[in-house]
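Here's the structure we're looking at; comments come further down.
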Amino acid sequence: MPTARCSMRASSTAPVRMMATAGGARIGAILRVTSGNFLEQFDFFLFGFYATYIAHTFFPASSEFASLMMTFAVFGAGFLMRPIGAIVLGAYIDKVGRRKGLIVTLSIMATGTFLIVLIPSYQTIGLWAPLLVLIGRLLQGFSAGAELGGVSVYLAEIATPGRKGFYTSWQSGSQQVAIMVAAAMGFALNAVLEPSAISDWGWRIPFLFGVLIVPFIFILRRKLEETQEFTARRHHLAMRQVFATLLANWQVVIAGMMMVAMTTTAFYLITVYAPTFGKKVLMLSASDSLLVTLLVAISNFFWLPVGGALSDRFGRRSVLIAMTLLALATAWPALTMLANAPSFLMMLSVLLWLSFIYGMYNGAMIPALTEIMPAEVRVAGFSLAYSLATAVFGGFTPVISTALIEYTGDKASPGYWMSFAAICGLLATCYLYRRSAVALQTAR
């Protein structure tokens, strides 16, 4: 009898151990696959926050406005490479697998990070300085074009049934962790270094940290396992067939791009551009602007999985439409309140509200985008739609916001840009879910 009881006890605990092991394996996979996403966003946020110092170092001009515009133009140029990277690297990932492809994107991304740390100033090497910065941004844009799509699809393919929204939200969640780390480092530098030291060389320290963690991220990525869904698929399209399938489904790609427009505009407005907006437009201290950005990233980190989980429960369409309508109704009025009464608390309140809208919308949008693409070109299709939106909307949000304020005199005018992106997202959502019964086409 004791033996029988022990046997029954062992058999009853075996499923629990298996579930715990499977859960631990999925958590490990999430950490490994999102590590590269962390590096990408860490670097992009730093470039946005230290834009004034980068402008001074690499893009000297007759006026601060012109210098800053050139810096943000180079920042945006990297996004123009994203659609090319999405097609080329996205097709490669769809052909050879998620694991191999994501190691390649990380390698290219790391090269761009190394460049920004090592390039001497304009006064030292002249025109080579801005040219090399541009090359670094183009390389990072090329790799980022497929990095985000590859990570999102990987998470969608390892998700447990009915929890795809929750799982894919951690792609964007890793970006928020990157912003938290970058903002915390910037806050610490402001506390220990004089402004002149930060302007001369101190701004490079966070970028150096990014370089130092690259080997550890490579180790994590190499331990990734291929998804069962990709392995089980018997037919993998050749590169030419991937391009043909994307062309056959161009309407889905364009509608997907418009759906992403809302999320990428909101994200770059409240994170990448916000520190510069706080310092240069609202005249808040650099430390206050950084602290607001840090708290906004924490807010994003909370709302992203909530949005994903709610979309699992109530459907993607409901969450997407609700958030686009909220953005359309409140983006400009909220920024007008901030412009009329600029303070740390007001900036924090307004950006936390926009963070709620962004987090809820993006939590539903990422799984929706993985679901509307044909399985054979899921990474390439997702990446192309996302990259086009980032190139047209998100990447140029800082420069468009700067130009709108300069030429209209309205400090709240970035709200017009976000409202326009919300209209795009609303129309795309209605279109995609109205045509959900239409068969997607695969080129054979």
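Just so you know, glycine gets a Cβ as well, placed from its N, Cα and C.
Per Swiss-Prot, the feature topological domain 'Cytoplasmic' maps to 1-41 (among others); the stated evidence is sequence analysis.
Across the residues of the topological domain 'Periplasmic' (63-72), the predicted structure has a mean pLDDT of 75. The topological domain 'Periplasmic' annotation in Swiss-Prot covers 63-72 (among others).
Per Swiss-Prot, topological domain 'Cytoplasmic' is recorded for 94-114 (among others). Within the chain, the topological domain 'Cytoplasmic' (94-114) has long-range Cβ neighbours (under 8 A, six or more residues past its boundaries) at 33, 36, 39-40, 43, 85, 136-140, 142-144, 146-147, 150-151, 153-154, 157, 207, 210-211, 214, 217-218, 221-222, 224-227, 230-231, 236-239, 242, 376-380.
The topological domain 'Cytoplasmic' feature in Swiss-Prot is assigned to 159-177 (among others); the stated evidence is sequence analysis.
As annotated by Swiss-Prot, topological domain 'Cytoplasmic' applies to 221-251 (among others).
What Swiss-Prot lists as topological domain 'Periplasmic' is 273-289 (among others). For the topological domain 'Periplasmic' (273-289), same-chain residues at least 6 beyond its ends with a Cβ under 8 Å from one of its own Cβ atoms are 48-49, 51-52, 68, 186-187, 190-191, 296, 338-339, 342-344, 347, 351, 397-398, 401-402, 405, 411, 414.
According to Swiss-Prot, the topological domain 'Cytoplasmic' annotation covers 311-318 (among others).
Taken from Swiss-Prot, the feature topological domain 'Cytoplasmic' covers 362-379 (among others). Within the chain, the topological domain 'Cytoplasmic' (362-379) has long-range Cβ neighbours (under 8 A, six or more residues past its boundaries) at 90-91, 93-94, 98, 101, 146, 149-150, 152-153, 156, 164-165, 168-169, 171-172, 233, 235-237, 241-242, 245-246, 249, 252, 255-256, 259-260, 262-263, 266-267, 303-312, 316, 319-320, 323, 385-386, 425, 432, 440-442.
Here Swiss-Prot flags 401-411 (among others) as topological domain 'Periplasmic', drawing on sequence analysis.
If you look up Swiss-Prot, you'll see 433-444 (among others) marked as topological domain 'Cytoplasmic', on the strength of sequence analysis.
Here Swiss-Prot flags 42-62 (among others) as transmembrane segment.
The transmembrane segment annotation in Swiss-Prot covers 73-93 (among others). Residues of the same chain lying 6 or more positions beyond the ends of the transmembrane segment (73-93) and with a Cβ under 8 Å from any Cβ of it are 47-48, 51, 59, 100-102, 104-105, 130, 133-134, 137-146, 149-150, 153, 239, 242-243, 246, 377, 379-384, 386-388, 390-391, 394-396, 398-399.
Annotation source Swiss-Prot lists transmembrane segment at 115-135 (among others).
If you look up Swiss-Prot, you'll see 138-158 (among others) marked as transmembrane segment, on the strength of sequence analysis. Outside the transmembrane segment (138-158), and at least 6 residues removed from its termini, the chain residues within Cβ reach (under 8 Å) are 26, 29-30, 33-34, 36-37, 40, 43-44, 77-90, 92-93, 98, 101-102, 105-109, 111-113, 115, 164, 167-168, 170-171, 174, 224, 227-230, 366-367, 369-371, 378-380, 382-384, 386-387.
Among the features that Swiss-Prot reports, transmembrane segment is placed at 178-198 (among others).
Summarising the annotation, Swiss-Prot assigns transmembrane segment to 200-220 (among others) and lists sequence analysis as the type of evidence. Taking Cβ pairs closer than 8 Å, the transmembrane segment (200-220) reaches residues 31-32, 35-36, 38-39, 42-43, 46, 50, 53-54, 57, 103, 106, 110, 113-114, 116-117, 182, 185-186, 189, 193 in its own chain, all 6 or more past its ends.
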Flag the pair the transmembrane segment (290-310) / the transmembrane segment (115-135) as in contact if three or more Cβ pairs fall under 8 Å (sequence separation 6 or more).
no
Looking only at residues six or more beyond either end of the transmembrane segment (178-198), which have a C-beta under 8 A from one in the stretch?
37-42, 45-46, 49-50, 53, 205-206, 209, 271, 286-287, 290-291, 293-294, 296-298, 300-301
Which residues of the chain, 6 or more past the ends of the topological domain 'Periplasmic' (401-411), have a CB below 8 A from one of its CBs?
65, 68-69, 72, 269, 273, 276-277, 281-282, 335, 339, 417
Go through the chain and flag residues at least 6 beyond the ends of the topological domain 'Cytoplasmic' (311-318) whose CB is under 8 A from any CB in it; none is fine as an answer.
162-166, 363-365, 367-368, 371, 429, 433
What is the three-state DSSP composition of the topological domain 'Cytoplasmic' (221-251), stated as helix, strand and coil residue counts?
19 helix, 0 strand, 12 coil
